[in-house]
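Below: the structure, in structure tokens.
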Amino acid sequence: MKKITTIFVVLLMTVALFSIGNTTAADNDSVVEEHGQLSISNGELVNERGEQVQLKGMSSHGLQWYGQFVNYESMKWLRDDWGINVFRAAMYTSSGGYIDDPSVKEKVKEAVEAAIDLDIYVIIDWHILSDNDPNIYKEEAKDFFDEMSELYGDYPNVIYEIANEPNGSDVTWGNQIKPYAEEVIPIIRNNDPNNIIIVGTGTWSQDVHHAADNQLADPNVMYAFHFYAGTHGQNLRDQVDYALDQGAAIFVSEWGTSAATGDGGVFLDEAQVWIDFMDERNLSWANWSLTHKDESSAALMPGANPTGGWTEAELSPSGTFVREKIRESASIPPSDPTPPSDPGEPDPTPPSDPGEYPAWDPNQIYTNEIVYHNGQLWQAKWWTQNQEPGDPYGPWEPLN
């Protein structure tokens, strides 16, 4: 009997190990249903029952450059295979972003609506960077967040990040950032009284200690903290601990495994120290970034499918590490996602008369349409605007 029992236990362990190696981290298809409305209690992010919540997920890269990776299918894969429960849509303001091309907000809407359908949380990120002072485009920010909160304020999925990384020696919490937040937050609250708002802090969202000493009055505000494992270490962890001791709620809305440039590394040992630090303090986070860009913080390799279904070969060292970390802590039982089909498969019998199709227009938004350009037909594989057909890594697939 003892021998039979031993064999049975071994078989069970074998099945369990096989399952771990061949299924996903979590079937997070009921995250928001489970946690509901988020809020802040005693400096902690909590769900509608007052229980602590830790969100873990991915940030996009700039939507104006790598928006092809932000779509329902890729976000579903991240939820089902990686186990994410939050996704951050990084909409740059400058550098070809919203200020130059307001239509990029359509990709933000696509991400938000996908997150709502997938029942995960989503961060709408007003991604200031080279425009170091959030007040430069304050009026545009107010208009944008008025629109977003009016559209999505009734959904508990939504989190607003109103200033990604204020920076520069003349941009301080008390003189620039807090006054900016005190103008933008009421715009959101007019439409959405409850959802979480993340506010960036000085020195590229590192100076949470300054915000902690002079906090905003809104009860559901969190303060952004950003780090890159190859550059930032114990002194910044000490600043976070100080802020937490003052009762400030911290959200690590961007972090990378690389140096602060987004490249160099990958620094996995240092990243693990940070992962442990965040877990011990129940800090929510989003990793930078979901892109195939040739930099070490990118989660994907060049040529990766924009709609998910990524093989090990399509994940970068950073992406492999981050996926493993999210899977380790995902709290919902494993599922077995079906890799999505490639929406970019060309029509096997393209029409012979190009005259039936419109010429490519750089001002037009395309999602799956066919256009005529430079003597041939092209079909959009994902959302695109002002990206000319012909780039082998771009959104257009040749049909003839």
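Glycine is treated like the rest: Cβ placed from N, Cα and C.
According to Swiss-Prot, the features are:
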- GLU165: active site, proton donor (ACT_SITE)
- HIS61, TRP65, TYR66, TYR92, HIS127, TYR228, ALA260, THR261, TRP288, LYS293, ASP294, GLU295: substrate binding site (BINDING)
- 334-353: compositional bias 'Pro residues' (COMPBIAS)
- 328-363: region 'Disordered' (REGION)
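Here the features listed in Swiss-Prot are painted onto the structure.
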residue	record	Cβ neighbours (10 Å)
HIS61	substrate binding site	24
TYR66	substrate binding site	19
HIS127	substrate binding site	27
GLU165	active site, proton donor	22
ALA260	substrate binding site	17
TRP288	substrate binding site	26
ASP294	substrate binding site	10
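DSSP gives ASP294 (substrate binding site) a coil state; it is part of no helix or strand.
Taking only the Cα positions, the spacing between TRP288 (substrate binding site) and the residue listed as 'active site, proton donor' is 13 angstrom. Only HIS127, of the binding-site residues HIS61, TYR66, HIS127, ASP294, have a C-alpha within 10 angstroms of the C-alpha of the residue listed as 'active site, proton donor'.
Here the binding residues for substrate are HIS61, TRP65, TYR66, TYR92, HIS127, TYR228, ALA260, THR261, TRP288, LYS293, ASP294, GLU295. Their largest Cα to Cα distance works out to 21 Å. Secondary structure at TRP288 (substrate binding site), taken from DSSP and collapsed to helix, strand or coil, is strand.
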